[in-house]
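Asker: Sharing the record's features from TrEMBL:
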DOMAIN    B:20-243  domain 'MacB-like periplasmic core'
TRANSMEM  B:21-40  transmembrane segment
TRANSMEM  B:282-306  transmembrane segment
DOMAIN    B:285-398  domain 'ABC3 transporter permease C-terminal'
TRANSMEM  B:327-356  transmembrane segment
TRANSMEM  B:368-388  transmembrane segment
Amino acid sequence: MSGSVLISFDKVWKSYGQGEARIHALAGVDLAIRRGEFVAIMGPSGSGKSTAMNIIGCLDTPTAGTYRFMGVDAGRLDRNRRAMLRNLYVGFVFQGYNLLPRTTAVENVELPLIYRGVAARERHDLAMKALAEVGLVGREHHTPAELSGGQQQRVAVARAIVTRPTLLVADEPTGNLDTARTHEIMELLTRLNTGLGLTIAMVTHEADVAGYAERTIRFLDGHVAADTINLEMA
Amino acid sequence: MIWETIRLSLLSVRRNVLRSFLTLLGIVIGVAAVIAMLTIGSGTTEKVKADISKLGSNLLVVRSGRPAGPGGPGGLDQATRPLGSKELAALIAHLSGARAISPASQKQVRVIFGTESLTSGVTGTDSAYLYARDWKLVSGRPFSDSETRSGTGVCLIGETVRQQFFGAGDPEGEIIRVNRTSCKIIGLLEPKGYTGFGQDQDNVVLMPLAAYQRRIAGNRDIDSIYVAADDRTPTNELLPRVEDILRDTRRITPDREDDFSIRDMTQIADAMASATTTMTGMLGAVAGVSLLVGGIGIMNIMLVSVTERTREIGIRLAIGAHEKHILIQFLVEATVLSLLGGIVGILIGLALAGLASLTLAIPFAPSPAVILLAVGFSALIGMVFGFFPALRGARLDPIDALRHE
Ligand SMILES: Nc1ncnc2c1ncn2[C@@H]1O[C@H](COP(=O)(O)OP(=O)(O)O)[C@@H](O)[C@H]1O
Ligand SMILES: [Mg+2]
């Protein structure tokens with residue numbers, strides 16, 4: 001189900017520090033992800049996975065090399081233009097959920113729509129719909145503190161998809177969840193990938209989680225060490 | 001979007017009620033002080049103006065003795081020649097632009113009726129006095145010219161004197177003793193209340209000048225001459241004419257200074273009003289400093305708020321907020337916070353001013369302009385002092401902000 005190229009890294013470097021202390025989180029990465037792909041990114045801690053994800057999600061820019069998102073040279077856009085790209089085309093799911101505390105589920109999900117200038121009534125309707133899609137009917141007015149980890153991550157997924165993005169960036173989305181909750185979230189992501197054609201880039205440490213994806217990219221010391229098609233589904 | 005932001009900031013105020021309250025204390029106290037002081041100040045100004053106009057507007061008061069000033073205090077000069085009927089007659093004969101000219105000699109004297117007694121301000125004068133000072137009679141009649149000339153024992157009394165001797169009763173025709181003489185009450189003066197200096201203007205007895213001079217003062221001096229300007233003549237034009245006539249009458253050669261003083265009540269009224277205005281202004285400046293302190297409080301709490309909510313800012317930036325959205329969010333929050341403080345301060349300030357006006361017996365004079373200014377000013381403080389923290393929040397790097405614990 002691969003379409004046109006959505007994401008491409010051309011010799012992307014990301015370096016921190018100066019002189020002796022200079023480290024390269026990414027050291028000349030080349031990779032491409034097509035529309036509709038579900039890609040798992042694996043690799044040891046410190047291998048540059050999160051750095052790559054931040055660039056993919058237009059949160060960060062490369063130190064050198066070219067990052068293209070939807071054919072746009074996103075690595076050279078200014079802050080506000082990248083914010084616009086994120087708002088229009090990217091949804092984020094983080095390991096730590098990152099919901100606003102003391103704010104209800106539906107208000108959390110409405111948040112990206114606020115920055116799109118969607119009217120209050122429509123915002124509410126769309127948020128309620130997104131919460132229904134992730135199976136949280138009846139929990140709309142709970143605050144994060146009143147929800148379990150799995151439920152909070154579902155709210156985060158609803159917030160990521162409420163804008164109908166092209167790309168979902170998920171950095172260790174199941175890292176804080178138990179096995180049962182992990183599989184629920186992975187089934188949800190798989191459904192979004194197949195049902196909506198959502199492109200997903202997901203970091204994980206667990207092979208069975210990676211197994212939900214159709215392709216696995218392995219990072220090692222800021223390089224792509226392996227890029228394989230997953231033959232069998234978990 | 002903006003309503004959303006305002007709602008959001010009210011929520012965050014509500015979440016931290018105690019902290020918000022403490023933060024706002026500076027603004028609340030500052031605004032309350034400004035409002036209370038300006039309101040009390042304008043009440044005092046009104047009161048002073050009203051008091052002075054009770055003394056008589058467009059009125060010149062002539063006394064013997066050099067005017068107060070670098071030459072020394074008036075009236076204490078050894079060589080002072082008292083005023084007399086000669087000066088009065090000259091003014092009546094030659095002064096143009098006066099509505100009324102009247103002599104007055106005064107003394108605190110024990111007044112007795114039956115077994116009751118009271119120390120009153122007894123004034124010897126003529127029938128023009130009521131006219132010059134704009135005093136009215138509630139009942140009875142003023143002195144006739146013949147009574148003034150012959151010094152008949154008749155008198156007009158003030159409300160305090162009536163209450164002391166006759167309660168609510170009618171005093172007309174009763175005989176009271178004033179010092180060693182007695183006089184028949186022929187009229188009652190309209191009540192005027194206290195002056196701003198705490199003097200009871202109703203504890204007075206008026207009697208014909210000749211009677212006063214003969215039976216109370218024991219001389220033919222005149223303490224002061226009241227000259228009321230007519231409607232077309234400003235007092236500052238009338239004053240030099242009075243001076244000329246008096247110098248002439250008293251034969252003062254050009255090389256010598258006046259041995260009498262002329263006080264312009266209008267000028268005194270203006271001077272006092274401007275004195276209270278100056279004082280109000282100074283107190284206002286002090287209050288302004290406390291507003292500045294309040295503004296720094298706002299800045300501090302907004303910096304804390306931005307730091308505390310770094311992760312929230314990261315989330316908002318990640319999902320597509322622009323710098324300006326974050327900037328506006330925190331600016332609105334600071335402004336709402338500061339405005340809340342301002343409104344609470346205005347209410348407290350008005351309450352204080354109301355209380356003060358009750359206890360000090362001055363008019364309660366809240367000024368809509370001042371209140372509006374206070375609202376605008378507290379909003380401005382929020383914006384100005386909230387700007388730097390808001391900018392700091394808006395400039396955060398989303399990745400760093402998301403990593404923040
Ligand atoms: N802001 C930063 N400053 C300095 N070093 C960084 C920064 N972000 C990441 N790094 C370094 O870059 C390397 C890759 O980090 P990261 O992409 O987070 O790895 P991971 O694969 O565990 O997600 C690590 O050595 C990390 O310490
Ligand atoms: Mg990582």
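Cβ atoms are placed via backbone N, Cα and C, with glycine included.
Just so you know, TrEMBL annotations are computer predictions that nobody has curated.
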Asker: By Cβ distance under 8 Å, which residues at least 6 away from the ends of the transmembrane segment (B:282-306) in the same chain are close to it?
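Answerer: Sequence-remote neighbours of the transmembrane segment (B:282-306) are 12, 19-20, 23-31, 33-34, 37-38, 41, 313, 330, 333-334, 337-338, 341, 377-378, 381-382, 384-386, 388-390, 392-393.
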Asker: By DSSP, how many residues in the domain 'ABC3 transporter permease C-terminal' (B:285-398) are helix, how many strand, and how many coil?
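Answerer: Final tally across the stretch: 99 helix, 0 strand, 15 coil.
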Asker: Mean pLDDT over the domain 'ABC3 transporter permease C-terminal' (B:285-398): what is the value?
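Answerer: Per the prediction, mean pLDDT sits at 90 for the domain 'ABC3 transporter permease C-terminal' (B:285-398).
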Asker: Residue list, the transmembrane segment (B:21-40) vs rest of chain: Cβ under 8 Å, 6 or more residues beyond ends.
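Answerer: Answer is 280, 283-284, 286-288, 290-298, 300-301, 337-338, 340-342, 344-346, 348-350, 352-353, 356-357, 360, 362, 364-367, 370-371, 374, 377-378, 381.
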